[in-house]
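A.B. asks: Got a structure for you, questions after.
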Amino acid sequence: MGPASFIEPISTAAPSRADLKHSEDLEQYLRAQNLYESREEAELREEVLGALDTLVKEWIKGVAAHHGQPVEDATAVIYTFGSYRLGVHGPGADIDTLCVGPSYATRESDFFGPAPHSLQTLLASAPGLAALRAVPAAYVPVLEFRLRGVAVDLLYASLAVPALRAGLDVSGSAVLRHCDDASVRSLNGCRVTDTVLREVPDPAAFRAALRLLKLWAARRGVYSNVTGYLGGVNWAILVAYVCRLYPRAAPSTVVSRFFKVLSGWKWPTPILLRPIERDVSLGMPVWDPRENPRDRSHLMPIITPAYPAMNSSYNVSECTLGAMVDEFARGDAVCDEILAGGAGGVTDWARLNEPFPFFTAFKHYLQARPRGSAVVWVGNGVLIEG
């Protein structure tokens, strides 16, 4: 069964006039919330990516010379992923990027490190670059920095080839062959993002709905992968799934159907955009609760659509799942009122996104009082300021 037939649409109906009016109101609401960057900022991001590409190509030629490789054949490629690649980033958002290089360019001493030929060293002296921070021990190693004021996260993947060919496509699983685990994880940021985009029937409706729902999740307190809720990739997969169920739906319909589908979802039934791929030649473990006991404990499996398939929401707990189910039900009820109320305008969508009433929602609260003023490093890039 191919991807096109894996998810049977619930409805292929075209949008009604009312759907289009609600979607216009939704778009006006998004713009009123300042969720779109200006043309000047968009152009600056393009310039920053061009400058980064130039730096990376300069770097790889130095690495080739250091390792005695042909300099004229040396090249590295920059890819984007995450919210920028999806087209749902807002003003001031960072750009998730991936540098792909040949086998001789290692992460440990050529990408990171103090060596004169390393990318970290080159970036440290690059014009317009500030706030450089290397995190080589992270689960997905990263260089973080600002280039001309734009925040950039740069990952690295070393492919098992002596030279990269022009127009390298990283979407296929063959690109993972003989890669180390960190390179596989880094590559999958791009591969998952691109697969999500390929699975979406109407990119414009997907992007508008995802922008609204990311804002909704943040306002309602359920946008945080670290604390057991959902992060950017989770929300993107969920919205893409609903778009597949309603392939011709307007953004307002996608949003309302999102809440309708998820408020009635029978977890832990997994959300899948496409069949789980198994590649015997690569032999990488994939999410499979029938074979992997750990996978059976997952409460809200949202499976990444690129090989190797993984549960992107493995850290959801019973508590956070319950909170999200409650919020899905609330969203469903509010959307029913919006769509039944005729031309309610922009204020309808504002009502959906009312902030969660944290200080009136609970009976008991815990307050922490630090002794004096201090900034404490607690690991994983987290600072607690007192």
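We count from 1, first residue shown onward.
A Cβ is built for glycine as well, from the same backbone N, Cα and C atoms used for every other residue.
Per TrEMBL, the feature domain 'Poly(A) polymerase nucleotidyltransferase' maps to 8-200. The ATP binding site annotation in TrEMBL covers Phe81, Gly82, Ser83, Asp94, Ile95, Asp96, Asp153, Lys214, Tyr223, Gly232, Val233. The Mg(2+) 1 binding site annotation in TrEMBL covers Asp94, Asp96. Positions annotated as Mg(2+) 2 binding site by TrEMBL: Asp94, Asp96, Asp153. The domain 'Poly(A) polymerase central' annotation in TrEMBL covers 206-343.
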A.B. asks: By DSSP assignment, list the helix, strand and coil residue numbers for the domain 'Poly(A) polymerase central' (206-343), in that order.
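C.D. replies: Helix (H, G, I), strand (E, B), coil: 68 helix, 6 strand, 64 coil.
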A.B. asks: Per DSSP, to which secondary structure element type does Asp96 (Mg(2+) 1 binding site) belong, with helix, strand and coil as the options?
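C.D. replies: Looking at the DSSP assignment, Asp96 (Mg(2+) 1 binding site) belongs to a strand.
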A.B. asks: When you measure from the Cβ of Phe81 (ATP binding site), how many other Cβ atoms are you left with inside 10 Å?
C.D. replies: 24
A.B. asks: Same-chain residues six or more away whose CB lies under 8 A from the CB of Ser83 (ATP binding site)?
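C.D. replies: The answer is His89, Ala93, Asp96, Gly232.
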A.B. asks: Note the Cβ centroid of Asp94, Asp96, Asp153, the recorded Mg(2+) 2 site, then list each other residue of that chain whose Cβ lies within 8 Å of it, in sequence.
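C.D. replies: Other same-chain residues near the Mg(2+) 2 site: Gly82, Tyr84, Ile95, Thr97, Glu144, Ala151, Val152, Leu154.
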A.B. asks: State the Cα to Cα distance, in Å, between Tyr223 (ATP binding site) and Asp94 (Mg(2+) 1 binding site), rounded to an integer.
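C.D. replies: The Cα atom of Tyr223 (ATP binding site) is 17 Å away from the Cα atom of Asp94 (Mg(2+) 1 binding site).
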A.B. asks: Return the residue, from the listed binding-site residues Asp94, Asp96, Asp153, with the maximum count of other C-beta atoms within 10 angstroms of its C-beta.
C.D. replies: Asp96
A.B. asks: Rounded to an integer, what is the Cα-Cα distance in Å between Asp94 (Mg(2+) 1 binding site) and Asp153 (ATP binding site)?
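C.D. replies: Answer for this pair: 7 Å between alpha carbons.
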A.B. asks: State the three-class DSSP label for Ser83 (ATP binding site), counting H, G and I as helix, E and B as strand, and everything else as coil.
C.D. replies: helix
A.B. asks: Specify the count of other C-beta atoms within 10 Å of the C-beta of Tyr223 (ATP binding site).
C.D. replies: 19
A.B. asks: Are there any residues at least 6 positions away along the chain from Ile95 (ATP binding site) with a Cβ closer than 8 Å to its Cβ? List them or say none.
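C.D. replies: The answer is Arg45, Val48, Leu49, Thr80, Gly82, Tyr84, His89, Val150, Ala151, Val152, Asp153.
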